[in-house]
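Going by Swiss-Prot, these are the annotated features:
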{"type": "BINDING", "residues": "His44, Glu200", "note": "Zn(2+) binding site"}
{"type": "DISULFID", "residues": "Cys79-Cys191", "note": "disulfide bond"}
{"type": "DISULFID", "residues": "Cys208-Cys215", "note": "disulfide bond"}
{"type": "MOD_RES", "residues": "Ser132", "note": "phosphoserine"}
{"type": "SIGNAL", "residues": "1-26", "note": "signal peptide"}
Amino acid sequence: MAPGSRTSLLLAFGLLCLPWLQEGSAFPTIPLSRLFDNAMLRAHRLHQLAFDTYQEFEEAYIPKEQKYSFLQNPQTSLCFSESIPTPSNREETQQKSNLELLRISLLLIQSWLEPVQFLRSVFANSLVYGASDSNVYDLLKDLEEGIQTLMGRLEDGSPRTGQIFKQTYSKFDTNSHNDDALLKNYGLLYCFRKDMDKVETFLRIVQCRSVEGSCGF
């Protein structure tokens, strides 16, 4: 292979491995469309993992009558993310600016950086492909960085950084033989699935507004 071709391949490989390269680096500016594609891939993967793990756990451990009583009880089905002001319907969502939706998505992602560790035993026993606490954590961190990069690009061209959002989920007993622990883990999975759905939805809306030809995908 010619030296020039080898250099081009190495550069391309480096860009693929580092999707959130800072704008002021020696590398070419990454197209906005690609930044959104990278963010959407991670958001979709997180949402799918959350949905599949929740469904698997529910079918294995939660009787149908227990599920209905759990979901109908505001005390047990309350997610910590309820404290993060988020639009509750399509109309409210459409009224939010791109930066507002990205900011909300960032807070939702950051609110799960610690709680996913409480689900270590759930992920370890899951048959869902890629469901491990380390893999989920890495996806969350990657998406956190990606959203910060998008916020900077849409605002002033420089990556945004900030304090990690502090959550208040209490540590749960992960003893799988404890009924109370099962319900608490079920509650965490329920909230995780719900929040990842919001993140994917908000990012898709911002992508549609920002990148021509990206709506409907």
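Placed from the backbone N, Cα and C atoms, the Cβ positions cover glycine too.
Counted within 10 Å of its Cβ, the other Cβ atoms near Cys79 (disulfide bond) come to 17, all protein chains included. Cα of Glu200 (Zn(2+) binding site) to Cα of Cys208 (disulfide bond): a distance of 12 Å. Per-site Cβ counts within 10 Å over the disulfide-bonded residues Cys191, Cys208, Cys215 peak at Cys191. Taking CA atoms as the reference points, Cys79 (disulfide bond) and the residue listed as 'phosphoserine' are 22 Å apart. Closest to Cys208 (disulfide bond) by Cα-Cα distance, out of the recorded positions His44, Ser132, Cys191, is His44. In this view, His44 (Zn(2+) binding site) is surrounded by 15 other Cβ atoms within 10 Å of its Cβ, with every protein chain counted. In sequence order, Phe123, Ala124 make up the list of same-chain residues 6 or more apart from Ser132 (phosphoserine) whose Cβ falls under 8 Å from its Cβ. Rounded to a whole number, the C-alpha distance linking Cys191 (disulfide bond) with His44 (Zn(2+) binding site) is 16 angstrom.
Within 10 Å of the C-beta of Glu200 (Zn(2+) binding site) there are 21 other C-beta atoms, taking all protein chains into account. Taking the Cα atom of each, Cys215 (disulfide bond) and His44 (Zn(2+) binding site) are about 15 angstrom apart.
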